[in-house]
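A single structure is presented below for examination.
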Amino acid sequence: MSRQTLYALFSENPSSRFRDICSRILVFCNSRSLRDGICVHSPVIKLGFEDDLYLNNNLLCLYSKCCGLEQARQFFDEMPQRDVVSWTGLLSAYVKSGNHENALQLFYSMLTSGQTPNEFTLSSVLRSCSVLEEFDRGSSIHTYIVKKGMESNPILGSNLIDLYYKCGYREQACNMLMHMENSDAIAWTTMISSFLEDRKWNLALHLYLRMVEAKVPPNEYTFVKLLAASSFLGLKYGMLIHAHLIMWGIQLNLILKTALVDMYSRFHMMEDAIKIFSLTPDFDVFLWTTIISGYVQSSKVREAIKAFLLMEVSGVAANNFTYSSLLTACTSILSLELGQQLHSRVILVGLDKDVSAGNALIDMYMKCSCTVENAFQVFRYIYSPNVISWTTLIAGLAAHNYLRESFQFFQEMREAGVEPNSFTLSSILRACGTTEYPTHAMQLHGFIIKSKADHDITVGNALVDAYAGLELFDDAWGVLSMMDHRDTITYTTLATRMNHAGHHGMALKMIRYMVKEEVMMDEFSLACFLSASAGMNEMISGGQLHCYSVKSGLGRWISVSNALIDLYAKCQCMKDAHKTFEEIPEPNTVSWNGLISGLVSTGNISPAFSMFEDMRLSGVKPDSVTLLLVLSACSRGRLVDLGLEYFHSVKEAYEIAPELYHYNCLVNLLGQAGRLDEARDMIENMPLKQNAMIYKTLLSACRLHKNVPLGEEMARKGMELDPFDLTFYLLLAKLYDASGRSDLGDGTRQMMRDLDLRSFPRLNQHVSSAGD
């Protein structure tokens, strides 16, 4: 609408057009059409209506929504007169924008001016007190409400309940609700919401049942809140709430549809979610995104893409959350190509600077790509990276072994004024759990204590893992002892690291502490302790843990069964290992490998081959461990040609990329059989970089078959890799002795003495890193 048109409207009959203009301004306010709103304001001033309070209040609304609070406050200050609507309008704008301190100051200025607040003013200012947890100021407003006789107002009652609960006076909040004369759905829903925000799911449900007993009809928002809580309470509660929704006869609108679809989707009940989705013809981007997200959570990526295409065909434009869900789907199936296509769409619709879409893109590139450059570019393009952006980048860098860079970005994050959360600290601590950067764990520990993040159990567990990963078990135990709370993950983390370091007895001692603190085992901790028993060939503790697995029902987990097979196999109790294997409904690769390993280690070579063939016939895909076990069986049985045949056929049939330990096993197989030239050709032609171990293996075979020239060649190549490795000198000396060249053997030993190898401090990786 042009200014000329407005002047024409006014000039015909200004007073009769007065209401029309006000209505027009309100429309502009709702649509945030600033340009048109200003067009209205100019003729209002020129035609002498600038002193009209009603018109100015509507213009204040326009400025607060379209121009920002600073200009709105300037307009407010210039108003010739103000009423309760004026004050409440600006105060409400402050509250909606999160300027709660300004809202409170404006409220006190209003009282000073002599203007009496109404229920809407008081409702807004109480919300600010709740957010700021300003109980003293909130309670003084409560006293004011009582003095004015407004305590029976249900809106103010709801605000007061919220204030008392958020400020920690939970019992008083409950009592206030129970003694309200005119309590309605809003008051009850406010209390239910408070319980939910406090993660007290059962209390929220119990309060709803009391609400029903009090014959207070719930509204749609009551059910939206309860449906969100059902994700934590369980499917049966969600279905019960759905039944109550129908029983109360509440009409299904878009908000409720979305909440119901979300509830069923979270429990992977996609058929039910689709039924709800199709009940009414009303759809919006939030509903479509919820259904797409449900498919993604249920690992139905194809269906998620189809839903996205149907959404576009229906004319609903995707938003940042839609693309975030789809990118999560790409990440779950590691589809870089699909992720790149979606990235192009994100750029096309102008969401490439959006933090939600950007975070999903960073995660996708970090997990689907071999490089980090694309993720880094996305991060730099985000308009305002948040803590999730930084955390995703840091975790991704650590996962790609850019450990130094992950620490640098952690420092940069803090310098940018973004405070790390528990997930950030856990991610960076995982990077510390290596022998490359031992001092970083201690530095981060200091930061965690300063920021009081050590009270967070997630951070505490990550810190325990970091120290234990560095084999600093005393420090790990010190952190564990100081934690406010310890859970199954705490003890399992430490025990697992102890197992990896070969401290199986220490790992088993964790059980005693768990029992003392009444921390229950889960399938992961039980499997860990069974592995510790297996590492010690300890059948007594292993048998007790087996009994516990039966009594607790944890034995149904395949990870526990696999650990039991490993235990019995290492203790050479193959009958028990077979029995455990037969009880598994669907054995996986680890199950088969455990049994084959036991057969090989006990010298049952023929049964091991039979078991391997049974594995292939069952449709379970062998992995690199399976191939190593088969080659080990061939080595023990001196079956050279069969070993070579298995090596080539299995790696091609199952697309297994052989590692150094496979080639080492083959070299040992050929070397033991005296086929030394073939073993050397194997080393020279393998597609991997040689290491010291493979040269030692062939050197040992040369000693066995007294092949001095080849043995000298292997020793020389090995010493070039590590000139201080004592093993090469010892094996070479023994080769000379076995070949009747004791003079050369003595000369080699003299070389060892000259190099002082016997007393040379063999720096392990941990000590070297600490020196660096």
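Keep in mind that glycine also has a Cβ here, set from the backbone N, Cα and C atoms.
I grabbed these lines from TrEMBL:
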type: REPEAT; residues: 83-117; note: repeat 'PPR'
type: REPEAT; residues: 184-218; note: repeat 'PPR'
type: REPEAT; residues: 284-318; note: repeat 'PPR'
type: REPEAT; residues: 386-420; note: repeat 'PPR'
type: REPEAT; residues: 588-622; note: repeat 'PPR'
Could you give the mean pLDDT over the repeat 'PPR' (284-318), rounded to a whole number?
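On average, pLDDT over the repeat 'PPR' (284-318) sits at 93.
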Grab the same-chain neighbours of the repeat 'PPR' (588-622) for me: Cβ-Cβ under 8 Å, and only residues 6 or more beyond its ends, written as numbers and ranges.
558, 561-562, 565-566, 568-570, 572, 574, 577-578, 581, 629-630, 632-633, 636-637, 639, 650, 654, 656
Could you pull out which residues elsewhere in the chain have a CB under 8 Å from any CB of the repeat 'PPR' (284-318), counting only those six or more residues past its ends?
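Distant contacts of the repeat 'PPR' (284-318): 254, 257-258, 261-262, 264-266, 268, 270, 273-274, 277, 325-326, 328-330, 332-333, 335, 338, 349.
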Within the repeat 'PPR' (284-318), how many residues are helix, strand or coil going by DSSP?
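Summed by class, the stretch gives 26 helix, 0 strand, 9 coil.
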